[in-house]
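Summarising the annotation, TrEMBL assigns S-adenosyl-L-methionine binding site to HIS67, LEU69, GLY94, GLU115, ASP143, ASN158. The domain 'Ribosomal RNA adenine methylase transferase N-terminal' annotation in TrEMBL covers 74-243.
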Amino acid sequence: MLHRTKILSENISKLNLSKHFLRQHCRTKSTRRFNNAKDEDEDYHGVRRKTENQEAQIYLLKSRGQHLLMNPRVLNSIVQKSNILPTDTVLEIGPGTGNLTLKLLEVAEKVIAIEIDKRMVEILHKRVSERGLQDRLTVICQDALKTEFPEFDLLVANIPYGISSPLVAKLVFGKNPYRSGTLLLQKEFARRLLANPGDSEFNRLAVNVKLVADVEFVMNVSKKDFLPCPKVDSAVVKIHPKAEIPELDYQEWCAFTRTCFTKKNKTLGAIFKQKRMLLELMKLQEIKLDEVNNAIYSDYHVNDSEDEDGLHNEDNANVSSDVGMDLNLFREKVIDILRSGGFEDKRPSKLSHEELLNLLSLFNRARLHFHGQVKPTNGKDAELASAFGPL
């Protein structure tokens, strides 16, 4: 009996010892994971506190959308997804104090940063100099919407929310060739940019951009990763220019889509029957007619029968008669154009690019245009950008 009690006691001791080692092993692994996560968080918050101290004397302007991305893991992901080559020149819009700039300088041959705020430029130069990377950074202290973009391979930027639309327009319709653009945008704006025909969020922004570029979703970014914290979350998208794009007047295209998408869920027949819409269209035709008449006058002594575009005077007389018709006749002409292509009962939000291009071609062949003579302000890029807003 005593022997059996002793054996039982030894077994219980061994069991308790096994439980102790198992519990200790589990605690060690769990603690290790916890400590690793804690170290990462401490690094993140350490960087955040350091940056906050550096910027303690700077008042961030909400009017300029100054929300600084602070999370190093998100910054690293943006750089990684941008697929930057060691020979690339990267254009960055709104670098702020340089959190993303420093990451870009680690992998790119050169970074060109456009920043309007001189206070930010000073901090940016200081931080880059501390890393010994100043020879690879060029800063342009100007308004990104008004300055001409230099040559670049990639655009990587945390774009201020207030100028997202015109900046995207300037990128995709600009004269500079580029490989891709990785943009951190307001989440709602990114969703609209990614929308396709038939989606509830499909809009003129997506129509215009996707005519010449493909848009890819990359990742979501929490509002908590910014300083100061904005009211909404963000998202990263990547824009790739299309290898082949339609040959057309893009100012005419943008004006046409602006007209169609005023009431995107109404039928085109209902949209083009509105009196105000018709009056605006008629006025544009008068402007176009003035341009044609000026061309005829300037070429009159060269050829009495043709203008410089090869249009016969008889054809121009037809244009004059079209413009001179009353509103009811003009409405009938517009509706006839819609019916001829089967567009009267269709809605803009459901149409593909091919269908929209076909409709624009029908209008233009009938000598109806959507873009009149506009006085230049800041050049072609500015005019194209204005065609995107408000969206």
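Every residue, even glycine, has its Cβ placed from backbone N, Cα and C.
Predicted automatically and left uncurated, TrEMBL annotations should be read as such.
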Would you report the average pLDDT that the model assigns to the domain 'Ribosomal RNA adenine methylase transferase N-terminal' (74-243)?
96
Cβ-Cβ distance under 8 Å to ASP143 (S-adenosyl-L-methionine binding site), same chain, at least six residues away:
ILE116
Take the Cβ of GLY94 (S-adenosyl-L-methionine binding site) and count every other Cβ within 10 Å, whichever protein chain it belongs to.
24
Near GLU115 (S-adenosyl-L-methionine binding site), how many other Cβ atoms are within 10 Å of its Cβ?
23
